[in-house]
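A short worksheet on the structure shown next.
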Amino acid sequence: MANFKGHALPGSFFLIVGLWWSLKHPLKYFYQKEKSNQLTHHYQRLEIIEAAIRTLFAVIGILVEQFVPDGPHLHLYHEDHWVKLMNWQHSTMYLFFAVSGIMDMLTYLITHVPLGLDRLVMALAAFNEGFLFYYHVRDRPPLDQHIHSLLLYTVFGGALSLAVEVVLRDNIVLELFRTSLLLLQGTWFWQIGFVLFPPFGGPEWDQNSHDNIMFATMCFCWHYLAALCILAASYSLVYWLHLSPSPTSTLRQPSTTRHQSPLRASPQPPVKSSIPPHPFTPAIWPPGPPHPAQGGHQVSSGHVTSLQEGSKEST
């Protein structure tokens, strides 16, 4: 759609997915770094849900482009002219992203899908977007061409990063770089809508002014800086939440490690009994001091036999 909503809709889609990636990739990185299996049970399900949502976004985009009141309504050619080719180009862009979402779901649902095919199809979808936009603004005013050409840097940069991820999968640097470009792409779509179609009835930009072209270039750099700040904030938030101890781990910790019992800290010596042992009980080595009841003589183990024989003779 050649209006503000036609640029705000894809910008919102890219921005939502970019914000989710800014949280998902650091979370996956920290758990893989510790070789923890706590995330693996739910990660595959999250990937399937994300792919389904991205496919839904693409289908919504196709329906909006085709069935708006002034849309083509699935008519490509009528009598002697093409019907709303700009809407058809946008629909083609959404179609490739829908195929990418379906391929992502198949990757995690079917084990026979080659690893890396999901990244390759997503790279092709991004390249298709850039290819369409490259010929989207020919014979347009200079400012219109310039702000769309700036968008191509983010699109082709993301396609290149995805192509490298086919080989270097789960590389956190490439994933964060791709996420920053997707955030930039989302915010820049909104900026294009404000420049070409002011939504609040403000003054229109001079499409032939070189100063406006210079400002748009500088504004593009500011957008990327904002995307990097968002990415850094998300990374720091995930890192802080990952390091903070959970309440359950504190409750499960044994109390002896933090509050040691005083009885265990200093063991008491054994208490000696004051009751004299039986005269016929074998002495325990080493022998203790003689008891007065025994007449000062200590009974040793060697005298046990003679004492028993004497007692038998007396009986």
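Residue numbers in this text run from 1 along the chain shown.
Cβ coordinates come from backbone N, Cα and C, glycine included.
All TrEMBL annotations are machine predictions without curation.
For 247-260 (among others), the entry in TrEMBL reads compositional bias 'Polar residues'.
Sequence annotations record features per position, and here TrEMBL assigns compositional bias 'Pro residues' to 276-292.
Under the heading compositional bias 'Polar residues', TrEMBL lists 299-309 (among others).
TrEMBL lists 247-315 with the feature region 'Disordered'.
The transmembrane segment annotation in TrEMBL covers 6-23 (among others). Proximity of distant same-chain residues to the transmembrane segment (6-23), defined by a Cβ-Cβ separation under 8 Å and at least 6 residues beyond the stretch ends, is recorded for 50, 54, 57, 61, 64-65, 90, 93, 175, 178-179, 182-183, 185-190, 192-193, 196-197, 227, 230-231, 234-235, 237-238.
Look at TrEMBL and you will find 88-110 (among others) tagged as transmembrane segment.
The annotation transmembrane segment is assigned in TrEMBL to 147-168 (among others). Cβ atoms under 8 Å from those of the transmembrane segment (147-168) belong to residues 116, 119-120, 122-124, 126-127, 129-130, 133-134, 136-137, 140, 174-175, 177-178, 181-182, 184-185, 188-189, 191-192, 195-196, 216-217, 220 of the same chain, restricted to positions at least 6 beyond its ends.
Counting residues 6+ beyond its ends, the transmembrane segment (180-201) has Cβ neighbours under 8 Å at 3-8, 10-19, 21-22, 143-144, 147-148, 150-151, 154-155, 157-158, 161, 216, 219-220, 223-224, 226-228, 230-231 in the same chain. The annotation transmembrane segment is assigned in TrEMBL to 180-201 (among others).
Among residues of the same chain six or more beyond the transmembrane segment (213-241), those with a C-beta under 8 A of the stretch's C-beta atoms are 18-19, 22-23, 26-27, 30, 142-143, 146-147, 150, 176, 179-181, 183-184, 187-188, 191, 195. Feature annotation from TrEMBL assigns transmembrane segment to 213-241 (among others).
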